[in-house]
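S.K.: Take this structure, written in structure tokens, and hold onto it; I'll ask about it next.
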Amino acid sequence: MITADSVRKLVSSFPDPETGRPVGQLGQVGEVRVEGDRVHVGLGLTSWAAPIQDETLTRLRDRLVSELGIEESDCVVEALPHERKAEKLGQVGVTAKSVIAVGSGKGGVGKSTIATSIAYGLKNAGARVGLMDADVYGPSVPHLVGINERPTAINQRLQPIEKDGLKLISMGFMVPAEEAIVWRGPMLHGAVTQMLRDTDWGDLDYLVIDMPPGTGDIALTLSQLLPLTGAVVVCTPQDVALLDAVKAIAMFRKVSIPVLGVVENMSYFLCPDNGQRYDIFGNGGAKAKAAQLGVPFLGEAPISIDLRKRGDDGQTGGNYADDYIAPYLWNITRQMVRNIAASHAEKPATPSLPVL
Ligand SMILES: Nc1ncnc2c1ncn2[C@@H]1O[C@H](COP(=O)(O)OP(=O)(O)OP(=O)(O)O)[C@@H](O)[C@H]1O
């Protein structure tokens, strides 16, 4: 006979996606009801896990169905909100659970577009997200999301600009582009440190950092300032771009930033007139290269006129309203979170010591 206790025990050992620790240890098992063969379970999930909430619930339900030998239709697993504060990270004290750098080997491959789309995807799913545009050589995020105003400071803390619930700070707010372009290492280091340390980010699930293309200076600076969850490398499919992406991967590895995966942008073009697919820059090269280098592939995004138009109009966040490009962007975002959750399950976080 199935009892609430036996179900609770099964649920308790299920790993929390955010920490990798059993949910039973973290007070995340909610109400468990058993009526004959019908089982109803409440699972507490944090906003960090929101992008993979549905599949997490399905995984738990599948486990219960197989272990208890019941019908899928008799097992209901429901998400309950679970609060968990982020810890202050590194010497800059950013309060975030995951810090993700988005980089590329060269400019113009759509790095800022993908970084912004990832940030919006996480935010739309229900996570608390900050986006830091550290691309000194082309700080394009304010343009992509349509922000013209400058951040204010309260008690010498920069207040990020909020756009649709996304918190944003850009190098473009700090310095005129023509000035930053001639900066050397120490000045870049100072500016990035200041953006991280002196911004009122609040409590974030994810901080997404749009990196300048190519250069190792900022990757090195970041790795010294706070523990990064990992880097996403954006590239286009042609061979020369892939060579640069390989260099970017090597650069992140050199400064011990794990590579969360590669994104192939501008993978192909679907002609709206005849539905014909054109592999303008070739296709599939990034996936093959990622496999060869032993890094995950996060997904592809085709060339989309809407994506480019929305960028020009400061409406990049609106890409999720577009039927054609939205599933590709969402797939990349979700695959990234899945990969982070899988690494948490492999290496669960050590529990914080109780306060005596
Ligand atoms: N999949 C795509 N389809 C169509 N246009 C795209 C796509 N991805 C990006 N773009 C467009 O390409 C241009 C460059 O994109 P973006 O600024 O994101 O590149 P970047 O790699 O960050 O460049 P840089 O490093 O020079 O800032 C923009 O006009 C953007 O709208």
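One-based numbering along the chain as shown.
Placement of Cβ uses the backbone N, Cα and C atoms for every residue, glycine included.
Bear in mind that TrEMBL entries carry predicted annotations, made automatically and left uncurated.
Worth saying up front: this structure is predicted, and the values here are computed from it rather than measured.
Feature list, courtesy of TrEMBL:
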| type | residues | note |
| --- | --- | --- |
| DOMAIN | 7-55 | domain 'MIP18 family-like' |
| BINDING | GLY105, LYS106, GLY107, GLY108, VAL109, GLY110, LYS111, SER112 | ATP binding site |
S.K.: Within the domain 'MIP18 family-like' (7-55), count helix residues (DSSP H, G, I), strand residues (E, B) and coil residues, in that order.
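M.R.: With helix first, then strand, then coil, the domain 'MIP18 family-like' (7-55) has 19 helix, 17 strand, 13 coil.
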S.K.: Given GLY105, LYS106, GLY108 as the binding-site residues, which ones have a Cβ positioned under 6 Å from some atom of ligand 1?
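M.R.: List returned for ligand 1: GLY108.
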S.K.: Can you check which residues sit near SER112 (ATP binding site), meaning Cβ under 8 Å from its Cβ, same chain, 6 or more apart in sequence, and list them in order?
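M.R.: Once residues fewer than 6 apart are set aside, SER112 (ATP binding site) is near ASP133, ASP135, GLY138, SER140, VAL141, LEU144, ASP210.
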S.K.: Does GLY107 (ATP binding site) have same-chain partners at least 6 apart in sequence with Cβ under 8 Å from its own Cβ, and which are they?
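M.R.: In sequence order, the residues whose Cβ lies under 8 Å from that of GLY107 (ATP binding site) (at least 6 apart) are TYR137, GLY138, PRO213, GLY214.
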S.K.: Near LYS111 (ATP binding site), which residues of its chain come within a Cβ-Cβ distance under 8 Å, counting only those 6 or more away in sequence?
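M.R.: LYS111 (ATP binding site) has long-range Cβ partners VAL102, GLY103, SER104, ASP135, ASP210, MET211, PRO213, VAL234.
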S.K.: Report the same-chain neighbours of GLY110 (ATP binding site): residues 6+ apart in sequence with Cβ closer than 8 Å to its Cβ, ordered by sequence.
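M.R.: Expected: VAL234, THR236, ASN265, MET266, ALA301.
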S.K.: Determine the minimum-neighbour residue: among GLY105, GLY108, listed as binding-site residues, which Cβ has the fewest other Cβ atoms within 10 angstroms?
M.R.: GLY108
